[in-house]
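Inspection log for the structure reproduced underneath, given as structure tokens.
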Amino acid sequence: MIDIKLLRLNSEIFYKSCRDRGFDTRILDEFFELDNEWKENLKQLNNIKHDKNSITMEISRRIKSGDDINDLKLKVESLNIDIQRLEGRQNEIDVKRNEILRLIPNLLADDVPRCFGDENNRLVRYYGRARVFSDDVKYFIENSGSGDYEEIDYRPKSHVDLISELNLADIERAGKIAGARFYFLKNRLFKLELALINYAVDFLSQRGYTVLEPPFMINYKSMSGATDIETFKDTLYKIEGDDLYLIATAEHPIASMLQDEILMEDELPIRVSGVSPCFRREAGAHGKDTKGIFRVHQFNKIEQFVFCKPEDSWDFFDELVRNSEDIYKSLKIPYRVVNVCSGELGNLAAKKYDIEAWFPAQGKFREIVSASNDTDYQARSLNIKYRSRDGNRFVHTLNSTAIATERILVAIMENFQDRNGKVIKIPEVLIPYTGFSEIGGDDN
């Protein structure tokens, strides 16, 4: 939720920010119409209360002097009816206005590219030495800005083929019991997933992040405070008969755990890494990535989250991105970082960086990390403050993926298979966690 005082004082910057996002500015018109009605109604209410106070004082004077007060009592009764009517209307306007206020997106950071479409996200940097099939070289250079790659004369096997040939997952049987986009993860691929989780937890713990496992369900109040639930609702699984949803990301319960609290200044920053399954209906992804485990209804993710003071939030944004990059550098997975353009940002984010890994079998970069600075937008919705010398202030909240395991399993399978697709090498940093150095081959 945005700051209503800032909106009133700087309406034009919000109109521009909405236009830059491709957001319908009529919602701002509706807000100001209601806000003006709220102000006018409040003015009338205060005037009537003032009149009532004056009459009440006159009644007291007349009682002391023994004068008749019946006419004044009738006036007070009439004013009470008006007050009740105006207070009811004031509450109605307040509810509607706050509902609209929740829909107005966050102000964009100055360096967010003002454009539309994922293809217009701005390249920030590239890392790694990718294996690139000859047919994909032109795309790779254009989208990485790098000439650092190894050209290969064969297309690596897709992870769909690898999990079948190496007996790493059973999607067909999962489909019998749960439908499309579910899977049984098996054998060394499952152990590799556990290794990724434990590696990421240790990695972030060493950098001062408190690891936790959040509840896997969240109530409506918390969910609507943590995210734009109207945008997210087609993605969420609702628990029938309960005020609960399965979580789509650990971000939402972590953000909500401090709702309606006032922290002490010296408690900040609070760094958290959350480990959880994520449940998503993927209603808007019909026809996309229908095979394999790249886009599924259930996956595991390690999320980074920070509560901090406003003046520190951009430093923590850089820290979150750096943490994620360092993880993928250590795994030796080639990737690029992009500054997501205004038309592709969700309502909460003032700015978002995506990290996209190179997937040589697909011949393209695909998103594996999203890092966002939500400034005070999320904290206002959840009412999370801290006590400073200048009074109570809203914290800033930031979040970033560390590892979404299924996508990284796919990245490892595509990037580290041998020429024949018979053996998948395990990244060196994961071998102490797996106890094996490859999938396939003679030692399996």
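A Cβ is built for glycine as well, from the same backbone N, Cα and C atoms used for every other residue.
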Which one of Val296, Val306 goes with Arg280, Arg281, Glu282, Glu367, Ile368, Val369, Ser370 at the ATP site, as Swiss-Prot has it?
Val296
Which candidate from Thr210, Thr375, Thr401, Thr405 does Swiss-Prot annotate alongside Thr249, Ala250, Glu251, Glu303 at the L-serine binding site?
Thr401
Using Cβ-Cβ distances, find the residues under 8 Å from Ile368 (ATP binding site) that belong to the same chain and are at least 6 apart in sequence, listing them in sequence order.
Tyr328, Tyr335, Ile355, Glu356, Ala357, Thr401, Ala404, Arg407, Ile408, Ala411
Just name the most isolated of the binding-site residues Arg280, Arg281, going by other Cβ atoms within 10 Å of its Cβ.
Arg281
A 10 Å Cβ contact count, applied to the binding-site residues Ala250, Val296, Val369: which residue has the minimum?
Val296
Nearest of the binding-site residues (Thr249, Ala250, Glu251, Glu303) to Val296 (ATP binding site), judged by Cα-Cα distance:
Thr249
Take the C-alpha atoms of Thr249 (L-serine binding site) and Val369 (ATP binding site) and report the distance between them in angstrom, rounded.
12
Thr249, Ala250, Glu251, Glu303, Thr401 excluded, remaining Cβ within 8 Å of their centroid (L-serine):
His252, Ile254, Gly274, Ser276, Cys278, Lys301, Ile302, Gln304, Phe305, Asn399
The one of Thr249, Ser370, Thr401 whose CB sees the fewest other CB atoms within 10 Å, among these binding-site residues:
Ser370
